[in-house]
């Protein structure tokens with residue numbers, strides 16, 4: 001198992017090196033940053049001086065190495081637009097995105113697994129069919145449209161929930177949370193539903209399909225033939241076998257919840273990293289974009305790594321080193 | 001005479017389909033007594049497994065029992081549903097499936113699966129259940145049962161897994177075990193061990209066993225009596241020695257002639273011409289008549305008689321007599 005972990009970590013590092021390269025390439029290939037930093041009134045000497053000062057006159061590999069060296073330490077340079085360190089801006093914005101992603105992720109998981117099991121067990125029931133039909137809407141409607149519809153219904157028409165922003169936040173030093181105030185929690189509801197709905201329906205359909213598949217297996221029949229209770233068959237025998245593929249997809253989906261929070265954050269003007277990224281694109285704020293790219297890839301790789309570890313916890317067949325004799 | 005453990009009376013199973021109603025099991029009757037092994041043979045699709053599934057109430061929809069009775073120690077069980085049926089399964093009747101590789105849950109240890117079943121049916125504590133589980137594994141010949149109880153199914157070989165499956169089917173001490181092709185998925189050398197094990201457990205515990213198989217060798221080895229099925233009906237029923245040496249139904253005779261016997265050297269195997277008809281396309285009269293060399297006009301017109309027509313042995317208008325040479 002240790003060898004496996006080491007191999008997976010090595011693969012992850014490789015992936016990060018490649019995305020780092022892409023992020024870094026933006027500096028060189030998306031216009032000349034010197035142009036952006038110096039105004040119209042500039043001399044060739046100014047350009048040369050800044051170029052040397054920023055190290056942009058050095059060969060490409062050297063520049064890449066320096067970029068990586070700095071990135072590992074969390075230093076992505078200064079934002080072109082705000083003139084502040086990018087890492088500082090990201091850390092400021094990250095709690096908003098992570099809280100939103102965590103809530104919608106939980107929503108998607110709980111709802112997806114719950115409804116998935118329900119629709120699989122009550123396959124022919126009318127409520128299961130209704131849920132399945134509704135889930136089609138969740139899969140096919142684009143996120144921004146769901147967000148706008150929710151705003152229209154709950155903010156404009158009913159006036160129950162705020163339509164934008166994060167409400168009041170409480171500062172806990174390095175983390176600002178919206179969980180502790182009423183307005184913060186209220187503001188979280190609509191964006192969390194918007195962001196989590198698609199994932200929820202996806203997980204639900206996946207769990208349902210897997211569960212139906214598992215319920216047809218011989219060992220389920222055998223468990224029935226032994227007089228095991230339906231409840232135990234569904235939740236002990238079937239659910240566990242359903243979870244292996246579900247974890248894979250769910251892991252990737254949770255990664256994309258963070259990554260694709262961009263749209264939801266834009267619709268709800270949620271002050272997270274997604275909104276920061278959209279603004280950065282508008283102003284060609286490359287250090288911010290590069291840092292965002294790196295951050296998302298670290299998250300994806302990290303989540304994948306955790307998912308791979310989870311397989312071991314669930315499926316004993318992967319714990320090869322335990323195998324005893326008996327053949 | 002004592003009440004048989006299992007008594008099937010005129011059982012009919014039907015599957016409604018778009019192209020009409022199929023009858024995979026048609027008017028089947030037999031008894032199995034305690035400590036007795038009844039072999040049920042026939043080609044694929046003859047209704048062997050369907051009969052077993054009907055007895056334990058595991059018919060897949062839309063198949064259902066439409067008439068007839070299944071009596072377990074005299075109690076009718078064919079109409080039971082839900083909780084009452086569940087409580088009988090495992091406790092009164094167990095089932096062994098064909099493929100030991102797929103009949104065990106890969107994510108639970110064999111100990112977990114055993115204790116779960118024991119706790120479900122017997123009034124024992126967790127630790128007593130564990131002891132019983134170890135004893136059950138010991139009984140089916142799992143070496144070092146106490147150490148292996150925490151193992152997962154994939155840590156066992158196919159034959160060992162089938163032993164675990166048998167232990168699972170028997171751990172709550174049922175009176176009846178339905179073994180649905182228990183040796184088909186195993187190596188030949190392991191098959192003999194599993195058959196011997198079933199036979200020993202049947203004798204020692206006085207369990208009634210319904211042994212469904214298409215392997216005449218397994219029947220000859222283990223069964224006391226044999227029921228031959230063809231296209232959903234019983235073709236022949238009788239003590240295994242007599243049926244093997246002196247088949248009365250032409251189908252049984254054909255089945256015997258097509259079974260290789262090592263001691264007879266390179267005898268050319270005879271086969272029964274044609275194939276078993278599909279259930280949605282049964283011939284008129286006796287379902288076997290198109291393949292039967294003894295068929296007379298009556299066989300085309302009238303369905304085969306009940307077993308009683310031939311001393312309760314064979315459902316045939318023109319059964320082979322004792323002296324007749326096997327000529328199918």
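Every residue, even glycine, has its Cβ placed from backbone N, Cα and C.
Range annotated as transmembrane segment by TrEMBL, chosen from A:215-239, A:290-314: A:290-314.
Note on TrEMBL: of A:100-121, A:166-187, the range annotated with the feature transmembrane segment is A:100-121. Per TrEMBL, the range carrying the annotation transmembrane segment out of A:12-30, A:31-49 is A:12-30.
Here the transmembrane segment (A:12-30) has Cβ contacts under 8 Å with residues 60, 63-64, 67-68, 71, 284, 286-287, 289-291, 293-294, 297-298, 301-302, 304-305 of the same chain, all six or more residues outside its ends. Looking at A:188-207, A:243-270, A:290-314, the range that has the most CB pairs within less than 8 A of the transmembrane segment (A:133-154) turns out to be A:188-207.
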